[in-house]
Amino acid sequence: MILFVISIAIVIASAVWVFYNRGHAIVINAQPGFLYTICFAAALSSTSIVLAGFDESWGFEQEDLDLSCYSWMWCDALANTLIYGALFTKLWRAKQVFNNKNTVSLWRLLLPGALMLLVVIAVLIAMKLHGSIRWTRLIIDDASEESVGICSGRSSYHYLVLLNCIYLIQAAKTGFMAWRTKPSLSESKWVLAFLLVQSQVILVGAPIIVLLNKINSSARSIGFALLAFSFPVSVCGLIIFPKVLAVTRMRRSVDATSRRGSNVALSEGDMGSSARVDDPLAVRNECTARNARSLADSRVQMVTIDD
């Protein structure tokens, strides 16, 4: 539950920041719609942390636990598909712009991600109809009556393998597009960093889940939680947080430039007693008056020379 609270707080903070700074040039160039999609998918991944940890201790009935099995699979699958699809679409659009294509069809950009999403939904529906996934508790030690609660079904593992193959295809496509895209036009280096982090987490977490699936339910739940936790945190930290830093640096630079400009205006002109350094309107009025006086003096000098 602590991991869920931390991850959902990061996701909400990221979405609020994007909304608050949606008019900034950096956020506009990054496409707010793309960032909102990232935040929504990250929220789905965070929700799967809670859904994967339900058991009888929460007071749920068998039907509720069966529903939680499907729910976390849906949340996890849609989160992966949406994030990889959004990253691929963003990079593809940047590559099209780099290739001097002035008009890029929105539907053409969204088509690959939409097709992948439809395939994933079809697999999830088929798993619901034919996989017969149920939450069951297995006795692993008759003497101590130690047991584990798992989500299992007749052919559920086949569908899970198929879903993971789809994720790998999407990740490979996204990584290839990031490698082929000019870094100055997109966050391709951050996308590659995100893929690297996720690959390392999967290499560590996946074997733990597989080996301990029917041995220790607590360890298995921890493995699921770490995988689900790393996904939203890494995508927000590596895709959105760099933009937070860029906007902050730009604003500080603008503020510093404004202060230097105000100080120069004060030192070059004779400011009146009513003009203050921290009053931008007074500084602007004084600069305008000084420019007008300079223009008038130059005209007088021109008339004198002509005479």
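Backbone N, Cα and C define each Cβ position, glycine as well.
Whatever TrEMBL says is automated annotation, not expert-curated.
Pulled from TrEMBL, these are the features on record:
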DOMAIN    2-243  domain 'G-protein coupled receptors family 3 profile'
TRANSMEM  6-22  transmembrane segment
TRANSMEM  34-54  transmembrane segment
TRANSMEM  70-88  transmembrane segment
TRANSMEM  109-127  transmembrane segment
TRANSMEM  157-179  transmembrane segment
TRANSMEM  191-210  transmembrane segment
TRANSMEM  222-241  transmembrane segment
The transmembrane segment (6-22) versus listed stretches 70-88, 191-210, 222-241: most Cβ pairs under 8 Å: 222-241
Here the stretch out of 34-54, 70-88, 109-127, 222-241 with the most C-beta pairs under 8 Å to the transmembrane segment (157-179) is 70-88
Given the transmembrane segment (222-241), its same-chain partners at Cβ distance under 8 Å and 6+ residues beyond its ends are 3-4, 6-8, 10-11, 14, 17-18, 35, 38-39, 41-43, 45-46, 48-49, 52-53, 76, 79-80, 83, 87, 187, 190-191, 193-194, 197-198, 201-202, 205-206, 208-209, 212
Using a Cβ-Cβ cut-off of under 8 Å, list the residues of the same chain that are 6+ residues beyond the ends of the transmembrane segment (70-88) and lie near it. 34, 37-38, 40-42, 44-45, 47-48, 51-52, 112-114, 116-117, 120, 123-124, 127-128, 133, 151, 160, 163, 166-167, 170-171, 173-174, 177-178, 191, 194, 228, 231-232, 235, 239
If you average per-residue pLDDT over the domain 'G-protein coupled receptors family 3 profile' (2-243), what number do you get? 83
